[in-house]
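Now, the feature entries from TrEMBL:
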DOMAIN    41-288  domain 'G-protein coupled receptors family 1 profile'
TRANSMEM  25-48  transmembrane segment
TRANSMEM  60-82  transmembrane segment
TRANSMEM  102-120  transmembrane segment
TRANSMEM  140-161  transmembrane segment
TRANSMEM  201-226  transmembrane segment
Amino acid sequence: PERITPLYYSYSLEGFSGLNQRLQLFLSLVFLLIYLTTVMGNATIIFLMCVDNRLQIPMYFFIGNLAFLEICFTSCTSIKLLVILSSGRRTISVSACFVQSYFYFALGCMEFILLVVMSFDRYLAICQPLHYAAIMTQQLCILLLVAAWVAGFTFMSYHLVLLSKLTFCGSNKIQHFFCDNSPLFQLSCSDTNLLWRIDSVLILFILLGSLCLTLSSYVCILFCILRMPSRRKKAFATCSSHLTSLAIVFGSCLDLYSHPLERVSLETNKLVALLNTVLYPFLNPFIYSLRNKLVVLVLKDAIAHTKAQLFPQSRCISGQQF
């Protein structure tokens with residue numbers, strides 16, 4: 001079949017087209033609320049990290065960058081999903097589709113690397129507290145962060161190369177709400193077996209490698225806190241919430257990208273993809289920051305300071321009353 005030139009060709013993201021219009025509109029409102037909460041929550045964390053000296057330490061430095069990454073990652077897919085559900089406009093150009101796919105995987109790769117760095121930081125803080133300040137210097141933190149960004153965008157550039165080798169013809173309907181690799185490979189009319197295996201091996205290498213390194217740090221933390229009875233309850237509560245978050249993102253990604261192409265169910269993939277594109281970014285601010293006593297204290301101080309700046313007269317009146 002004749003290859004269709006991508007510059008003059010567009011796809012149709014079917015998303016959840018099987019649902020009736022009212023239900024799609026309802027879902028668009030739900031996802032809009034989740035998206036706005038995600039952006040506002042992560043933006044609040046970034047703001048607090050920047051303005052308060054108490055949070056300008058390595059742990060919160062990485063949490064702030066994770067918050068920024070979550071805003072970019074969920075915006076990559078959620079904005080188009082909201083447009084599809086609310087207005088029914090499903091068309092996306094090939095170039096925009098490839099760019100969305102690239103940023104989805106690049107930002108995801110960066111997040112996995114950052115999770116490894118954060119778990120290592122927690123290991124040093126809990127298990128090696130006397131050496132923590134000497135090891136986790138500002139220069140090392142910046143170097144690790146830059147390495148994560150460069151590695152994510154560089155390593156995932158192969159994904160664009162694989163997509164450029166695909167031949168598309170016939171139907172232009174993508175049975176998904178964003179340009180994931182499985183619907184694109186299934187839409188292609190060329191032999192995709194070898195390219196799919198290469199793509200799957202590289203994705204699983206990143207997933208399993210980061211998972212093993214992250215779990216290794218948490219196992220070491222677990223054995224360490226077992227020897228600290230006074231802090232055991234608090235440490236277990238913190239680690240359990242972190243591991244729940246990791247189970248969502250790693251579990252959903254392994255389910256999405258560990259199957260052979262012929263066994264991939266796009267209907268199931270759409271539901272599982274909502275876990276790591278909508279639910280996981282939504283939960284992260286609460287798991288990593290808003291349950292932290294210091295972050296809550298800084299947030300309360302910021303709110304009190306804002307009220308004092310906006311309503312100085314009420315502060316004076318209350319002071320006179322006392």
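Heads up, the Cβ atoms here are built off N, Cα and C, so glycines get one too.
Heads up, TrEMBL stuff is auto-annotated, nobody curated it.
Non-local neighbours of the transmembrane segment (102-120) in the same chain are 59, 62-63, 65-66, 69-70, 72-73, 76-77, 144-145, 147-149, 151-153, 155-157, 159-160, 178-181, 203, 206-207, 210, 213-214, 217-218, 246, 249, 253, 276; each lies 6+ residues outside the stretch with a CB under 8 Å from one of its CB atoms. Confidence in the domain 'G-protein coupled receptors family 1 profile' (41-288), given as mean pLDDT, stands at 86.
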